[in-house]
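Notes for the one structure printed next.
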Amino acid sequence: MATKFPSFSQGLAQDPTTRRIWYGIATAHDFESHDGMTEEKLYQKLFSTHFGHLAIIGLWVSGNLFHIAWQGNFEQWVADPLHVRPIAHAIWDPHFGQGAIDAFTQAGASSPVNIAYSGLYHWFYTIGMTTNAELYQGSIFMMILSAWALFAGWLHLQPKFRPSLAWFKNAESRLNHHLAVLFGFSSIAWTGHLVHVAIPESRGQHVGWDNFLNVMPHPAGLGPFFTGNWGVYAQNPDTMGQVFGSAEGSGTAILTFLGGFHPQTEALWLTDIAHHHLAIGVIFVIAGHMYRTNFGIGHSIREILEAHNPPQGTPGDLGAGHKGLYDTINNSLHFQLGLALASLGVVTSLVAQHMYAMPSYAFIAKDYTTQAALYTHHQYIAIFLMCGAFAHGAIFFIRDYDPEANKDNVLARMLEHKEAIISHLSWVSLFLGFHTLGLYVHNDVVVAFGTPEKQILVEPVFAQFVQAASGKAIYGFDVLLANTGGVAANANAAYMGGWMDAINGVRGSNDLFLPIGPGDFLVHHAIALGLHTTTLILVKGALDARGSKLMPDKKDFGYSFPCDGPGRGGTCDISAWDAFYLAVFWALNTVGWVTFYWHWKHLAIWQGNVAQFNESSTYLMGWFRDYLWLNSSQLINGYNPFGSNNLAVWAWMFLFGHLVWATGFMFLISWRGYWQELIETIVWAHQRTPLANLVGWRDKPVALSIVQARVVGLAHFTIGYILTYAAFLIASTSGKFG
């Protein structure tokens, strides 16, 4: 007899109810809880999954390259990137009538296609690809890379090739390897690609497999490098009149510090980007030699942490500092994952911001729908990564934290004064919430009653001052870079002339620091409310994960438990998992405000109508009417009794997203008993219905647990929310700008 699922838990495999299936899925990735799991086996399994992850990323890139080459219009787009719409892939759908076929036969295609809003065309073009053949070659290369990664993952699970636990616990060697080899070398290698391939292509000089060994990336060759005369590589940069992809206006510089944007592409200068990656690479290679391994040179992280404690007799006694942290972190995968997720979350949000404020890909700044899609995509990813960071921080406290090993150090002291931390976050959230909502509601009421001049409009003077210090001239603050005769401004003009043009939007619409006013002030504080409330829930979940005054023994119940039975009142909804669950709702709420703000402000700029945002964003009805309702109008006319247009698929997705979202509430509002009764009734009916009763099942059907129903509800709420806004965002932007 075959082993029943899940093979990793014999206890679950013998469960006679459908609980076996759902708990099996829920715990499939909780390797720590699996039968016969040792610490060494755990590390080896995780190590192998990294290669699987890399393979999936490689296949994703390969698939995109392949479909763009096969079904896209890359070569036509390269010839005229501002007027040709890039094609993602062909659509074949048996449901399409002639009207839909005509509507989706777009962008010069001969059959229905989807338009690409991923920015991949801009990326491929910027890094030096210009033909379909190159896309196919790239696709095959990524496929081979994925196969290699899958093989590596399999290999490292074989007995002879499994790394030992000691190898995984060698933090210094791993850090050096990641810093110097993975970050450092790959950054320098990328500089090499930019200098040898992308920059020549941008100047009309093709570099391919056929000629890359005999095309000099710089006329002076390596001479200046070996003689220390590096400035030669920055001389003779591209001119302001350079035509991207041609020799017209091109220079010979390969590593520059021009600042600002290429006037035609409105993207950062490729030679600036190459310089940036070279500098980053060199710094990381140096950083990768900092930590002491078996060579006996460099710093010991353990010694650094042990030394980081306050001098004895310090007023207020600051405790044992960082003592004990080395082993605490090195022995806890959840702690390490929490740190990694938090770092990646911040970086992803930064990517969202930088991709529009300082675009690095040629012409992407003019593809407004792509800009909106990429910003929204990266901010959504950032909130999930941040929520995950706190979730694993809480699991660390429950499963891995050792009070003895961390006596009186910074971790222990965080737990000891958690009430102060949580209550301060609570106070900040309440303050932001009441004041921001108060201002919005006041403004809404006075506008409704016909006296808009009575609105309370606060100029964000401090933020404007910061913008002025960075060179924004519009506000008239005579400070730092905005002080035209000052030392800072003169130095900036000498060293990075393009910066002031970029910051003040001199050329084109690419404005680094957008002008801000009372509408921005209000929505900034609404977003701050969302961020602080999300943080409050997440921080409270982690700090209370081991126990609280209400439930001192909470850690004994694990990460996710519904309640401690009926006899102990008030223990529902207080597991660390519940905090994560509640925080995701707030995180989604917040990212909604962030993306609404970004999108509306940019729609107003792109349409040349900034007054609409400035005047309507100071009261609630302005947001509902002039952002949400006004921008839904084209979308919901994607199909009607008179036919359909190329927004029809987004209009349908908009409705479908609402449906998925609303389904979530069915799981969130009705609890387990309701479903159990319903299931028992359905089973009764099934067994008494001819033909149907010929089909039975081995597992007794039972309702989902409370925690499972919540996660199913949360998943529907989240996915529906994302589908709805994605359809709205893409349709409302592409409907206006083509």
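Cβ atoms here come from the backbone N, Cα and C positions, even for glycine.
Per Swiss-Prot, these features apply:
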type	residues	note
TRANSMEM	46-69	transmembrane segment
TRANSMEM	135-158	transmembrane segment
TRANSMEM	175-199	transmembrane segment
TRANSMEM	273-291	transmembrane segment
TRANSMEM	333-356	transmembrane segment
TRANSMEM	372-398	transmembrane segment
TRANSMEM	420-442	transmembrane segment
TRANSMEM	521-539	transmembrane segment
BINDING	CYS563, CYS572	[4Fe-4S] cluster binding site
TRANSMEM	579-600	transmembrane segment
TRANSMEM	647-669	transmembrane segment
BINDING	MET666, TYR674	chlorophyll a B3 binding site
BINDING	TRP675	phylloquinone binding site
TRANSMEM	711-731	transmembrane segment
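Features as recorded by Swiss-Prot, highlighted on the structure.
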residue	record	Cβ contacts under 8 Å, 6 or more apart
CYS563	[4Fe-4S] cluster binding site	THR571, CYS572, ASP573, ILE706
MET666	chlorophyll a B3 binding site	GLY713
TYR674	chlorophyll a B3 binding site	none
TRP675	phylloquinone binding site	ALA703, LEU704, ALA709
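At the 8 Å Cβ threshold, with sequence separation of at least 6, the transmembrane segment (420-442) lacks contact with the transmembrane segment (372-398), having fewer than 3 such pairs. For CYS572 ([4Fe-4S] cluster binding site), the count of additional Cβ atoms within 10 Å of its Cβ stands at 13 [all protein chains shown].
Secondary structure at TYR674 (chlorophyll a B3 binding site), taken from DSSP and collapsed to helix, strand or coil, is helix. When each of 135-158, 175-199, 273-291, 647-669 is scored by its Cβ pairs under 8 Å to the transmembrane segment (46-69), the top-ranked stretch turns out to be 135-158.
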